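As recorded in TrEMBL, the features of this protein are as follows:
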BINDING   ASP27, GLU214  Mg(2+) binding site
ACT_SITE  ASP27  active site
BINDING   28-32, ARG40, HIS44, 72-74, TRP76, ARG78, ARG195, 201-203  substrate binding site
ACT_SITE  ASN75  active site, proton acceptor
Amino acid sequence: MNTQLITKLPTILDPTKMPQHVAAIMDGNGRWAKQQGLPRIAGHQQGANTVKSLLRCCKDWGIANFTVYAFSTENWGRPAVEVDFLMRLFEGLLDSELDQMHAEGVRIRFLGDRSQVPLGLQRMMDKSIDKTQYNQAVTFNIAINYGSRKEILQACKSIAELVKAGELDVNLLDESMFDRYLDTHELPDPDLLIRTSGEQRLSNFLLWQLAYTEIYITKTHWPDFSNDEFTLAIADFQQRNRRFGKV
Ligand code: FPP
């Protein structure tokens, strides 16, 4: 990392110990809205502002990868009106923010099975990927219709097909080769996972990739997760002694 490129870094953070990949489970939008006496969708709308704000922090602070869990394979079980709102919100945000993100050097990628998402959103996803593919300031990964077990199973099926066709020797298969069949291929594993709203579980998010990730859980609801609390989460991460199974 070129620490000279980092701008506006909060003084409590050590520029030489910044995470290279931060992932977030953005929980608590609905509870936030309820507390404010607003409909659940208002929580998602406000949560989108948190995403924009943290993405800019990542860019300014030299965090190369930011990954958010926007919609899980299980979220289809929510009321149709909320699912519909979320799909429109994603499409609308990509549409309205794409030029600005591109101007700021954001490269957009998606995790998850896009075949089930509405066609309009799929088209916007393709456009975002194409337009931003050569940007380098920060890679923004959005998980839509993502489930980690499904992703791992799909990787296993692809590899099994290659073995069956005689194109891969199963004895040569190792972890780095397996990585290439996941939606996160070419991304480093997250250094830090943030989960808002207090729940202490992974909820089928990046199960393979989070093997050695440091986890930061806060009771704050996602719409209230500020740049200051992001700073505290990173400061907490910088205090951790990461041993990766060694002594
Ligand atoms: C979980 O909170 C949140 C979601 C399922 C949706 C997250 C979507 C956004 C923040 C919108 C913007 C995102 C992008 C990437 C543009 P919840 O509804 O489960 O909250 P609850 O547990 O309090 O009900």
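All positions are counted from 1 along the displayed chain.
For all residues, glycine too, the Cβ spot is worked out from N, Cα and C.
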Legend entry - binding-site residues near ligand 1 among THR73, TRP76, ARG195, LEU202, GLU214 (Cβ under 6 Å): none
Legend entry - Site with most surrounding Cβ atoms, counting all protein chains shown within 10 Å, from the binding-site residues GLY28, GLY30: GLY28
Inset, instruction - Do me a favour and check the Cα-Cα span between TRP32 (substrate binding site) and GLU214 (Mg(2+) binding site); whole Å is fine. - result: 25
Inset, instruction - Please determine which of the recorded positions listed here (THR73, ASN75) has the lowest count of neighbouring CB atoms within 10 Å. - result: ASN75
Inset, instruction - May I ask for the distance between HIS44 (substrate binding site) and ASP27 (Mg(2+) binding site), taken between their Cα atoms and rounded to an integer number of Å? - result: 10
Inset, instruction - From the recorded positions ASP27, ASN75, GLU214, pick the residue whose C-alpha lies nearest to the C-alpha of ARG195 (substrate binding site). - result: ASP27
Legend entry - Which binding-site residues sit within 10 Å of the residue listed as 'active site, proton acceptor' - Cα, from ASP27, GLY28, GLY30, LEU202, GLU214: none
Legend entry - Cα proximity to ASP27 (Mg(2+) binding site), best match among binding-site residues THR73, TRP76, LEU202: LEU202
Inset, instruction - Look at each of the binding-site residues, ARG195, LEU202, and point out the one with the fewest other Cβ atoms around it within 10 Å. - result: LEU202
Inset, instruction - Looking only at C-alpha atoms, tell me how far GLU214 (Mg(2+) binding site) is from THR73 (substrate binding site), rounded to the nearest Å. - result: 24
Inset, instruction - Give me the non-local Cβ neighbours of TRP76 (substrate binding site): same chain, 6+ apart in sequence, Cβ-Cβ under 8 Å, ordered along the sequence. - result: VAL83, GLN116, ASN145
